[in-house]
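Chemist: Let me begin by handing over the structure; questions about it come next.
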Amino acid sequence: MIGQSHDCARPLPPDESGPLSFRPGRLPVLGVGALLLLLTACQETAHQAGGSAQGAPSAPPPGVTTVVLHPHPVPVLTELPGRVTAFQTAEVRPQVGGVIRDRLFTEGQPVTAGQPLYQIDPASYQAALNSAIAAQQKSEAATASAQLTVNRYQPLAKEKAVSQQDLDTAVATLRQGQADVAAAKANVETARINLEYTKVRSPISGRTGRSSVTPGALVTAGQTTSMVTVTQLDPIYVDVTQPSSALLGLRRELAAGRIQGTAAGQAEVRLVLEDGREYDQPGTLQFSEVTVDQTTSSVTLRAVFPNPEGLLMPGMYVREKLRQATDPNAFLVPQQAVSRDSRGQAIVQVIKADGTAEARQVTADRTQGSKWVVTDGLSDGDRVVVEGLQKIRPGVKLAATDLTEEQFDQRAVAALPSSTQPAR
């Protein structure tokens, strides 16, 4: 039994005669010696196993990449749907009646304010002007005669050569003649204006639409149907609607001082056209309605845009990116660093001072480019994990490689295909 080896993990087999027991007059010397040898062998084996375990190299901490974040002034952008509206629209109607003799413009072409568009037959209006001028001359002649009579009667009346009644009658005739001259002059001016109205002019500069009348058509003063519509397209308006609840939230943020407002004349606006492309001309916010639409619970905002090429047309659907304020202390966090929990709450992993990661809830409700705009939950200098998120375990220290925001952006650009990299 002594010469046989034994596994320390297995119990000793019982003696063939049963459990080891003391018999009178005999000592279990042989069994005790074997047991001591077995215990010694087990201790040596355990010591060797422990030594080999202590000598094995420990695994290095998992490596992650972090971005050191700092606050930046970030514009508060609101994207709203809207429609393009003409800057000015004029429906041209005749101010005198008559037959259209000529159309003096080309449909769809630009015109300037005061440019003649139609010529109404002026013959009758020229005759009326001539008649008014003749009536004025007649009144002026009668008035001149009355003036001479008064001039003669005045010295004679002093000498009692004519009666005072004759002098008074002469003076009254003179004054009536002067009034007739004034009325005649007004009639001449009216006739001249009516003659000028036979040239139907554009009231504004803009682009003409389709003409509703042709030469030979009879028009009347004040008719309900317009002859043509002139629309000013440069500059041009874009009207958008914003929910009143969103406007209230914005004003609360402004009142609390968390964001800084932008004056209406300085708020920059960008447009996204129907094909998804951004309009290359920035606009400015002109005004906001002072009342809320009871049907839609929204407020109308109007912006004005330059439109030199006429790309924007009235009625076109667009989306407007409106800069209504600026958040001076927002963080721009790469989208890959932000995850969402089951409740939709944004979560980022922040490296603590001891090298472990902490899951932190943040407020990220909008994006700017490829980054989330975080307005709450982060502090200046926080190290947010952007690569190696799958290696994070609770309480496990990490080997973090820190990048500045500029370095991370450069890496992101370098990783893009050459065809999509921005021009230098």
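Cβ atoms are placed via backbone N, Cα and C, with glycine included.
Note that the structure is a prediction, hence the values are computed from the model and not measured.
Feature list, courtesy of TrEMBL:
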REGION    1-22  region 'Disordered'
DOMAIN    89-231  domain 'Multidrug resistance protein MdtA-like barrel-sandwich hybrid'
DOMAIN    129-198  domain 'Multidrug resistance protein MdtA-like alpha-helical hairpin'
DOMAIN    235-323  domain 'Multidrug resistance protein MdtA-like beta-barrel'
DOMAIN    329-391  domain 'Multidrug resistance protein MdtA-like C-terminal permuted SH3'
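Would you situate these features in the structure and describe their surroundings?
Modeler: With DSSP states grouped into helix (H, G, I), strand (E, B) and coil, the domain 'Multidrug resistance protein MdtA-like barrel-sandwich hybrid' (89-231) comes out at 70 helix, 29 strand, 44 coil.
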Chemist: Count up the helix, strand and coil residues in the domain 'Multidrug resistance protein MdtA-like beta-barrel' (235-323) according to DSSP, in that order.
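Modeler: DSSP composition of the domain 'Multidrug resistance protein MdtA-like beta-barrel' (235-323): 13 helix, 37 strand, 39 coil.
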Chemist: Which whole-number mean pLDDT does the model give the domain 'Multidrug resistance protein MdtA-like barrel-sandwich hybrid' (89-231)?
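Modeler: When the pLDDT values over the domain 'Multidrug resistance protein MdtA-like barrel-sandwich hybrid' (89-231) are averaged, the result is 95.
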Chemist: Over the span of the domain 'Multidrug resistance protein MdtA-like C-terminal permuted SH3' (329-391), count residues by DSSP class, listing helix, strand and coil in order.
Modeler: 6 helix, 37 strand, 20 coil
